[in-house]
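*Asks:* Taken from TrEMBL, the feature compositional bias 'Low complexity' covers 1-16. What TrEMBL records for 59-127 is domain 'SH2'. The domain 'Phorbol-ester/DAG-type' annotation in TrEMBL covers 214-264. The domain 'Rho-GAP' feature in TrEMBL is assigned to 277-468. Annotation source TrEMBL lists region 'Disordered' at 1-20.
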Amino acid sequence: MAASSNSSLSGSSVSSDAEEYQPPIWKSYLYQLQQEAPRPKRIICPREVENRPKYYGREFHGIISREQADEILAGVEGAYILRESQRQPGCYTLALRFGNQTLNYRLFYDGKHFVGEKRFESIHDLVTDGLITLYIETKASEYISKMTTNPIYEHIGYATLLREKVSRRLSRTKNESRKASVTSEENTPVEKITSLVRRAALTQNDNHFNYEKAHNFKVHTFRGPHWCEYCANFMWGLIAQGVRCSDCGLNVHKQCSKYVPNDCQPDLKRIKRVYCCDLTTLVKAHNTQRPMVVDSCIREIEARGLKSEGLYRVSGFTEHIEDVKMAFDRDGDKADISASIYPDINIIAGALKLYFRDLPIPVITYDTYSKFIEAAKISNPDERLEAIHEVLMLLPAAHYETLRYLMIHLKKVTLHEKKNFMNAENLGIVFGPTLMRPPEDSTLATLNDMRYQKLIVQILIENEDVLF
């Protein structure tokens, strides 16, 4: 809901001077406003209304005018009724009293009630959330517009201070019940600052591979009070108060999410599987240069399979390949793929190809796909090589490193061509559609591009020492 009016900020204690900025643990101003917001008051219709929709209650007053709704609600802040439109029968309106005026919102129902993006189980919840939003946006519009200035997210020293406080608290309570509630100096539950503290800790870890990764924000409903880990302000409302990164757990306002840098540090506890997981997410969660599947499989293949006839072309048993996939999903880098468990090297080769096929974003990303195809179409070999090199530089760091490592490995495979009968062209046929897929799911486009996919991989293998 949009606020019916805006007023200047009153009661804000936040300094506008960046040099004087001393952030508290959390800023409670918006939380206090939510507590002050008007409570919903349901005005029941004194008569039984015919043809009342089954998903509305006695707050439905039938077909009445705006003026009649205004009379019913007059003088009662937070009062609300539902009515059917006189001009458009079958269309319903929420009439709500706020700020000494009656506000009218077109009301919808699709299993849940809504007037905007948020969907509610009950009209009461919708009105409660609406009154909170209206009150806060009216009282603190200027404050909200300046929330993203001087964010705590950029104060590494502040995050370090938080971490030290948490460490002291944990050391004092570790001998107590494991489920004891550990709180900060202002009784803020530790889980509310975990992702912020974790980010600061990882930032200081020199061994952490510094691949850039955007946060995977999704709208989230927080149970109980929550504060934004970017601006430190309360996330107001009844539901969908903000967004949470599903990879690292960072909780922020939707508007603050636009300012959070691409520094997501995925938490292993949130990564449910290895296969079908975004490549950059996986390597950052495991703190490795490349996906551990790629390292483990290539290490095993190079140890005992480089001379295997038809390597990567001959398929292993599907059920055994699925077993390897499940082992990686279950055990991560501790998965046992040794010869004693899987004597057929084609199973390991098949598991590696399956990993690449299952990636939600291919190694050669959708963003660079068309550029690679265009480069492959260049007839002059030197110009083509230069064009391919330029596109390689556009790949995300983790994708580039994975592709580089794989090409070095496939070059080794070609050195044993007399035994395995797999040259760069044959490997291009196998890995072309495995490493790159067109953004549009078009069978025709895939068929048309197959020869260029093969050519790209062939060139990458043959020139890996120059291109990488």
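Every residue gets a Cβ built from N, Cα and C, even glycine.
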*Asks:* For the domain 'SH2' (59-127), DSSP counts of helix, strand and coil?
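*Replies:* Counting residues per DSSP class in the domain 'SH2' (59-127), I get 13 helix, 29 strand, 27 coil.
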*Asks:* So what pLDDT does the domain 'Rho-GAP' (277-468) average out to?
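*Replies:* The answer is 95, the mean pLDDT of the model over that range.
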*Asks:* Would you list the DSSP helix, strand and coil counts for the residues of the domain 'Phorbol-ester/DAG-type' (214-264)?
*Replies:* 3 helix, 14 strand, 34 coil
